[in-house]
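Here the structure is laid out as structure tokens; the discussion comes afterwards.
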Amino acid sequence: MKVLFRSDSSSQIGFGHIKRDLVLAKQYSDVSFACLPLEGSLIDEIPYPVYELDSESIYELINLIKEEKFELLIIDHYGISVDDEKLIKLETGVKILSFDDEIKPHHCDILLNVNAYAKASDYEGLVPFKCEVRCGFSYALIREEFYQEAKENREKKYDFFICMGGTDIKNLSLQIASELPKTKIISIATSSSNPNLKKLQKFAKLHNNIRLFIDHENIAKLMNESNKLIISASSLVNEALLLKANFKAICYVKNQESTATWLAKKGYEVEYKY
């Protein structure tokens with residue numbers, strides 16, 4: 001089956017969509033991606049053919065599907081609406097798998113919500129009658145190193161681990177770290193695409209209790225070596241749940257609200273930073 005992922009990444013959007021798509025992509029043998037070449041994107045790190053799009057036009061995507069005869073379109077993109085999905089289906093007949101994080105209407109054959117809070121009943125009346133709904137933690141897309149790390153009982157090197165995603169455009173990592181006691185050893189994980197990286201590096205230099213990890217190869221191990229995690233209410237939550245870690249989730253964008261609400265109801269520590 002020829003599979004096309006439609007997804008983007010950038011220093012503004014972050015890396016979460018592409019990262020989880022790459023985990024799902026391993027389930028298929030013939031995979032390609034269609035992405036806009038945005039600033040700070042992960043296009044060069046995608047180990048599959050990438051079609052660089054010229055625009056957000058749905059017709060450009062439709063033409064690509066027709067020309068390359070893709071059989072399954074996987075949409076992981078907040079900018080593609082239910083009406084766009086209807087148009088794609090009408091024009092191409094392609095099978096559609098749609099990611100969803102906000103309990104929104106979709107016109108798809110398979111609906112995938114990988115967040116722990118999600119239930120199939122949430123989508124009654126929101127998706128076509130014959131749509132296959134895949135929801136909840138059992139469908140979580142978690143990298144293999146987390147499953148391996150969940151078996152390890154590591155010595156705790158760090159009092160706190162902070163990660164606000166790969167880009168952390170609001171520079172929350174620095175803000176959170178500066179509010180913690182200076183007697184505590186704090187690890188901060190980020191990426192070289194973080195627009196606030198220089199500020200973080202300067203902060204780490206001035207504080208000998210801070211350990212800054214940039215593009216670290218094994219985030220799972222870092223998390224497992226920490227007494228408490230302070231993480232965004234994103235896919236990091238599924239990873240923390242798998243590790244059975246002590247964590248606090250920070251909600252700072254709208255698409256994290258459902259996860260944050262569910263965590264709070266379950267008794268987990270949640271903080272909102274808008």
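Just so you know, glycine gets a Cβ as well, placed from its N, Cα and C.
In the structure as shown, the Cβ atom of F15 (substrate binding site) sits within 10 Å of 21 other Cβ atoms. According to its DSSP assignment, F15 (substrate binding site) is coil. Per Swiss-Prot, substrate binding site is recorded for F15, G16, R143, S234, S235, E239.
Under the heading active site, proton acceptor, Swiss-Prot lists H17, citing similarity to another entry as support. For H17 (active site, proton acceptor), the count of additional Cβ atoms within 10 Å of its Cβ stands at 22 [all protein chains shown].
All protein chains shown were included, and the count of other CB atoms within 10 Å of the CB of E239 (substrate binding site) stands at 24. Neighbour list (S235 (substrate binding site), Cβ cut-off 8 Å, at least 6 residues apart, same chain): G16, K19, R20, V114, A140, L141, I142. Within 10 Å of the C-beta of S234 (substrate binding site) there are 25 other C-beta atoms, taking all protein chains into account. Separation of the C-alpha atoms of H17 (active site, proton acceptor) and E239 (substrate binding site): 15 Å, rounded to the nearest whole number. Residue density at G16 (substrate binding site): 20 other Cβ atoms are found within 10 A of its Cβ, drawing on all protein chains shown.
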